[in-house]
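Under the heading active site, proton acceptor, Swiss-Prot lists 144. Among the features that Swiss-Prot reports, domain 'Protein kinase' is placed at 21-303. Annotation comment: Swiss-Prot describes 362-407, 916-937, 1036-1062, 1106-1130, 1190-1263, 1699-1743 as region 'Disordered'. If you look up Swiss-Prot, you'll see 558-596 marked as repeat 'HEAT 1'. Annotation source Swiss-Prot lists repeat 'WD 2' at 1508-1547. The feature repeat 'WD 3' is assigned by Swiss-Prot to 1564-1605. Under the heading repeat 'WD 6', Swiss-Prot lists 1935-1966.
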C-alpha cells in the first residue's frame, strides 16, 4: 500500500462513498489507517478503517482479494475466536475496512473493574492459543498480534481481529519510521514483532515476504506476558532490538512478577529468539496442561453454544446443569460425564444406560450394561495410561459426587456400588426415634450457645449464671416448641423439619464447601444474560439461587469483588419487586460466607452497603421489600461486626486485647469508632422501619431475630434505644404482634440485664397475664418460665409470680393451665425445699382436686413438685361458658368485691390471708398459707357452696336469708350486702354451683382480666327477637357473642330477672319495669335504622338465629309460666333452664325488622363475631382456617335441653374436625367436657366437646371475587358432594397463573469427542408441559363428525336427494323430483340434478331443465370433501360458495311445515355446519330438525326432542363450533346438552343418537332468564344469559365457575333482549323502557346508556354486511319504530324501517267502469278466492313477550306468490273514492304491528322482518321498491307504497311502507279482500290524479299476472289435498296464522328461511 501519509479524512465522505453509515467519533491517532466509530442503520455500531489513496491510479485489488479469502475461510467453518473484516470497499479516493464494533480490547479490559482473576487470565490465554490454532489451520496468519487487536466481550470472550496481511512482513531495524507508521498505532511504543522480522538495511529485506506461524507465536507470547503482568509490556521497540542482539532479557521481570512457574516457562518458551524452538499452539495447550486444565476445552466449546441461546435460556441452562458443570470443573475430567449424558439423551445401546440421579436420590445402574462397561474399560485404557496422575487424583473426588461416572476399573465400580447401597440404607432409615430427636434438639441448643458465647466475647460482656440458654436465634426455632418436645411427646410437629431448618439458618458453624476453581468463568456469562432477560422469574432464579450456589464454591475475593457488587445492582429501584427481595436475601447469605478479606474491605458496610440500602427503609418502597430488608438486618448486623473484628485482628494479631501502648489504644479507638458508626447506621434503619412503617408483619420479622440485633448494639444501646422502641408494640391491637414480643423477649432480657428486666420488662409481662387475648397470656407464661430457668428473676419476684399465677390453674384454657404448671415447677426448682413447703404448697392447695367427697380436704402435694404430678392433682377448671359470663359481667359492672370475698372465705380457725388475693404479691406478716390441707375451713367452704349457692336464694330478700347451718349463718353475718348481691347475680346469670366456688377462689384474677367483647356487647342491644307464647313475651338479646344459644328458664311470679346485662344488677333485682323501657328504646332504634336490600336478602336466608327457627312455619316454643308476665331474658340467663319444650302449636314469633343484625357465631372468643353479610376468617397462628359447613339445616327443628345443656338443632351432631385440632384457633376451646353448644349438622367444629359454636349453613354470601358471587364455604370432605348437588356452590381457582408454562426445555451436555457440531443439546417440549385449564366438556365438536364417517375417505360428497325423474301427479309445469337436485352428505358421487324443481316449467320464474332448479341442484353438493372457513361440514361447492350473497332472495315457496310443538316456538337456532336446526317452545321442549330432509317431503318429524328441563324454554343458543345447545327456562335454569350424531345411514341420511346432558346451571335466585347466548375463546367457553332482575351473567363451561356478573341499572327497565359482539368486545342490552346499555366485556363496565325508543326494545340482530364501515351497527326492533339501525360507536340512529298509515289525498272523481267489466273482474276475484281451501287453527298462547292479548280465530288461508307485490282492486278504489266524496278527512291513529323477528343474512343487503302481522317482509335498503313480502300471512295487506326520506334534523334514513287502505282500522282486519301476493312491483310514490290511469293499467296487468301464478300455485295445493286424502293428514296452511316470533336461515342443502309462530308451527321457505 506504500509508505505514504493519508490526506485528512472528512467525516462527510463516509456516507457519500460507502452508503448508510453515520460517523460517530475517531478512534486513536494512527497515521496509516484512520479508524473511526460509525453507526449502520441495520448492523448497529461498526468500526471503519480508512486508507486514503495518494492518487486515483493506486489499486487495492490485491489486498481486497487477500481480505476476501480470509473472510471466506472463517465464514465457511465458523471459528469461535476470530473476527475478520466483514466488508471491504474501494473507491476512487479511499479504501474502507469494516467490522463489528467492540467496547473493549484486552488493553482496556486489564484496567477495568472487576479485575481479571487468575483463572480468567488463563482462560483468555487459552482462547488466544485456540484462535491462533484456528487461523493456522486455515493457513491464515495475523502479522500484528498485540493487546489492542484482542477484542474482549462483556462475557470475557476473546476475538482476534485486524489481520494485517496488508502490512509489511519485514521492517528495517535501523529505521523506526516504518515501525511507527505501520505498527505503533497506539503510540505506546510497545513492540511485539518477532525478532526475525527485522533486517539490516545494508543486507536488504529477505526474499520470502510471507508470514509464518512462528512469528505469531512470539507476538502472542508477548501479549500473554502483558496479560499476566496486568498491562505491563515486556518489550518496546528499543528493548526488542536489544533482545534480538542479546543485550536485554525480560526473564527477570517475568520471574519476579508472575507467581505461577508454569506460566513463566510458557511465556519464556514462546518468546524465544530462535523460531524453530517455538511450538505450535496446540502443542502449547497439551504440554502445559497444568496451566490450561481439561475443563477449559469444555468451557471453550460450551460457552459459545450457550451464547446462541436466548438470555433467559442461558440462565436456565446453567441452573439446570449446574451440578454437572461443577463436577466437570471439580474433577477436571469430562469424558465419563459426557458419556453418561449422551446415553441419557440418545438412548444408545452401545454405550450403556445410566440414570443420572439427583443429590437426594440413590444412583442406579442397570444390569444390562455389564458387557458395555467392559468395552468402555477397554476403550479407555489408552486414556488411563496417558493420564495416570489425573485419574489417581480424581478417584476420591469421583466417589464423593452424586452423579454417576463410568470408572476405569472394576474395583472402583464395586466401591461405588457399596457406597450407594449405604446411602440407600441411610435414606430409608427412620428418623423418628426419641433418642435421635433429643440429639437433634441438643445440637440446636449447643449451636445456639456457641453463637451466644462468641457474640458475648465480641462485645466484651459476660453473662453470669447462664448454664442453659434455650433462646430463639432464628425465626424458625421456637423455645417453647423445643421444651414441649423434650418434656412431652404429645405434639405432632415434624422434628425432622425443625432440625433441617435449624441447620440451614444457623450460620456460625456453617459447613464449608470446597472452592471449585474455574466456576467464576460463568459469572460474566450470567451477568450479561440476566441484564437482558425478558422474564422476571429468570432474574429471581438467578439472583436467589444460582448466584448463591456459585458463591458457595468460589473464594472470598470473588464473592466480594464480583458477586456482591452485582447483587447490589439488582436491588436498584429499576428492578422488579421480587428480584429486589431475592437480591436482599442473597446479599446477606453471600456476605455471611466471607471469612477473609483485605483490610481495605473492612469498611464495606459503612461506606458501601448501608448507604446503598438507605432507600429501602423509606415509606415509598414496596412493603414486601421492606419486610425482606427487616428480615436480613440482624444477619447483616452480625456480619458487619464480624468484619470489623477480623479487620481489628489484622491490625494487631498478637495483642489479644491487651492494650499496652498508645499504638494499641489507637487501634482499638479506630475499632470503637467504626463500630459506633455502623451501630448508628443500623439503628437508623431499624428505627425507620419500626416507626415509619405501620406494617405489623415487618415488626414481627424484626422481633423474630431481635436477639442478634441486641447483641450487635450492646447492652447500653439496647437499654437506651432498642428496648423502649419494642415495648411500644404492646400497645398495638394486633394480638399476634404481642405474642411475637413475648416469644422473643427472653433473648432481649439476657442482653439488657436484671435491672432493665425488673424495671421495664417484668411489669409488661404481668400485664399480659390478664390480656384480652389468651394467646398472649400463654406466650407471657412461656417467657416467665424461660426467665425462671435462666435464673434472671429474684426470689421476691418468684413468690409474687406464684401469687399472681396460681389462680390461673382454674382457667378454662388448657394451654394457659399447662403454662402455669410449667411456671410453678420452674419456680419450685429455683426455691429451696423450705420455701416450697412454706410458700408454694399453701398457695396451691385451694386449687387441687378434693379427694374426699364430703369436702374434708384437698389433695396433698409431694415434696418434689413435677409437671406430671401437679397436672394430675389439679381441680377441674371453670367452664368456658361460666368464665366468659363472669368476666364480662365483672368488666361491664366494674365490680370490686375483693375484701368482701375474702371475708366470706375467712374463718376463726384458719384465716385466709388477705394478702393472697391482693395485687401486691407476697409480703406482709401472717401465715402465707391459703388453706390447710386438712383444715376445717375447707369443709366450711364446701358447705357454703352446697347450701348458699342454690337457685332458691334468688327468691329470698337480701336481709332474710335463712339457713339451717350455724356455720353458714356465721359466715353470712360477716359478709356485706354487696357480696350477697354478687352471689345472687352469679346464680341469676346461669353459673353453676361448682363454678361459683372456683370463681370465688380466683376472683382477683377475674377482676383484673380484660374483656375484649365488652364494647361490642354494649353496642348489640338492638339484636333482639321478640317471642310471644300464651301471653308471655320474651325479649332475647344476642349481645353475648360467645354464647349464641337461646334458652329460657321458668320463673315464678314473685321473682325478677335482669333484662339486660348492661343494666346495674341492684336496680334489676328491685325493678320489673325495665323491660318496658327497653322495648321503647328498641322501637326507637328500629325506626332510625334503614333496611338495605343486601341485609334483607341475607336475613331471609338465615333460618336459624340463636336457637330460634324462623321462616314460613315456626316450630319453636318456650315453656309456659303459670301466669302471664313480661320477662326479659338474656341468652346467657336462659341457658340454665330445665324445662324447655318447643312446639309449633303455641308459638307466635314476631321477628324484628331485618335491619337489626343477629350475631350467629364466633370463631374465637376474642375476635369480632361474624355478621350476616360476609364471613371473614382471619389468619391464625396455626395456619388452619375453620370454615362453616354448607349442609342444609332442616326447616323443622326440635330444640331440647339435654344433660349437658347443649342444644342440637339437627338430628345428629358432627364429630370434631381433625384440622381444627392442629389449628391455633382451638386454643380458646381446650376446656373440660362440660359443654353448652349448638350443633347444626356439620360445620364449625372446635377442639373438644366444650365449645360454644353454632354450626349453621347461613354463610352463603361470602364474596370470593369482584363479581359479588354468592359462594358457600364448606369443609374439604364436603366439596365433592356439594358440587354434585349444586355445581354453583364454590368458586375454585382451577388454574394458577404460575402453572401456565408455555414451554419446557431440557438441556444435555454431550461428549465433544463424538465429533458432533455442538456439545449442548436443547430439547423444547411444548405439548407435554403446557398446563391448561380443565378440558371443555364433550360438546360434540363439528370437527369430530368429519372423522366419524359422515364423509368418505376421499372426501367426495354423495347424493342425498337422488336423481330426478317423473312428474308429480302428472301436473304440467312442475317437472322433476321435489327433493331432486343437489349433492348431499355421504359416500358416492355427486347426485345428478333432477329436471327442475318446484316452480319450474313455464312459470317464468326459473325455466330450469336438466340440471336446473333454484340453485342448479346438481352442483349443490360437496366439492372434494373440503370444509369452508366457518367450520361447516360442507365443501366449497357452488351451492355454498354463492350462499348467501347479494343476488340471493327468498322466493316464498313453502318447503316444510312442522306442527309438533304444542305451544309457541320462541327461538330457532341453526348449527354452524348446517346439519340441523333447533327450536325452543313454551311446551318445555327443544326439538332437533334435520336440515337435509327439508326438500325431500313436506311432512317431516323432529329427529330428537329434549324435555328434561322444567318450565317454558325462553331461549336457546348453539355452542360455537360444537353440536351442543344451551337452553334457558323461565324457571331460572340453563341446560347444556349435546346432540348425538353417530354417522350416516344407508340411505344417506344422518343418524342421530340420544341427547346427553353436559351441564345444568340453576340460578333461581337471579330471576327468570330472558335470553341466552354462547361464545368461545382460546381459554374459555362461556354461556351468557340475561335475567329479569337486570343481571347479565357468564358461566364458563371449562372452569365451571362464573366468568363475569354484570348488573343493569334497574331504573332503565327490565331487560328484554341482549346481543354480544362477534369479536367479544362489547355487549348491548335493551330494556322495557327503550334504553340501550353498552357494556365493555373486557373490563366489565357499562360504557353508556341511551334511550333509543319510547317503547319496548323487543329484539337485537347483528348488522352482517361484510367489510362495511358500520361494524358497530345493530338492528333493534322497537315498539314505536318497527326497526332501527343504531350505531353503537357514535350513539345515534342511522336508519329506520317502519310501516304506517297515511290518509289518501284528495282525488278527482273517476269515471265508473262499465258494469260488465266490473262483474268480470269481480268474478275472477271470486274464483281465485274460492280456489283455496280454508283451514282453522286455534290455540291459546301464553307467550310472555306481549302476545298474551292476541286473539286467535278461524280465518281463510289465501294463496300467495312470492314475487307478486300488493296490487289494488279497481272496484275497491272506486268504492273508496265514492264513499269518501262527502266525508271529512280525519286522521285516526292506528297501531302498527310489532316486529318480533329480525334476520340479516351475511353479505346480503337486505333485512327480513316478521312479527304480529303474521307476514314475512324483505326490505331492500339499496333499492327500496324491490322490497316485497315473502309470506303475506293470514290475510293480504292492503294497498301500500314504499317511501324513502332523510331526516336531516336527526341525520338518519327512513325506509317506510305506507298503507293506503283507509277502510281498514288496523293491521289485524279479517276482511277477505285480496291484496296481492307479491310478484309485481309496488307503487314507489303516492297516488295523484295525473297518474291514476297509468296505475289502473299497471294494476290490471299485475292482476292478470297474479291470476296466472295463482293457478300454478293452486295445482300444487290440489296435489297436497290429494296426499291428505290418502294419508289422512290435515292439510297445512301455507302462511302463518299466528304472530311470528323468530326467523333464521339455513344454507344447506339450499338457502332457505325458517320461521316459527306462537301456535307452535315451524315453516321452511325457499
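Here the Cβ of each residue, glycine as well, is placed from N, Cα and C on the backbone.
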- Item | Within-chain partners of the repeat 'HEAT 1' (558-596) [C-beta distance under 8 Å, separation at least 6 from its ends] | 113-115, 117, 507, 510, 520, 523, 527, 536, 539-540, 543-544, 547-548, 550-552, 604, 608-609, 612-613, 615-616, 622, 624-625, 628-629, 631-632, 635-636, 638-639, 643, 646
- Item | Under 8 Å by Cβ from the residue listed as 'active site, proton acceptor', same chain, sequence gap 6 or more | 162, 163, 164, 167, 183, 219
- Message: Is it possible to list how many residues within the repeat 'WD 2' (1508-1547) are helical, extended or coil according to DSSP?
- Response: 0 helix, 23 strand, 17 coil
- Could you give the number of helix, strand and coil residues in the repeat 'WD 6' (1935-1966) as assigned by DSSP? 0 helix, 17 strand, 15 coil
- Query: How does the repeat 'WD 3' (1564-1605) divide up by DSSP, counting helix, then strand, then coil residues?
  - Reply: 3 helix, 26 strand, 13 coil
- Message: DSSP-wise, what's the residue breakdown of the repeat 'HEAT 1' (558-596) into helix, strand and coil?
- Response: 29 helix, 0 strand, 10 coil
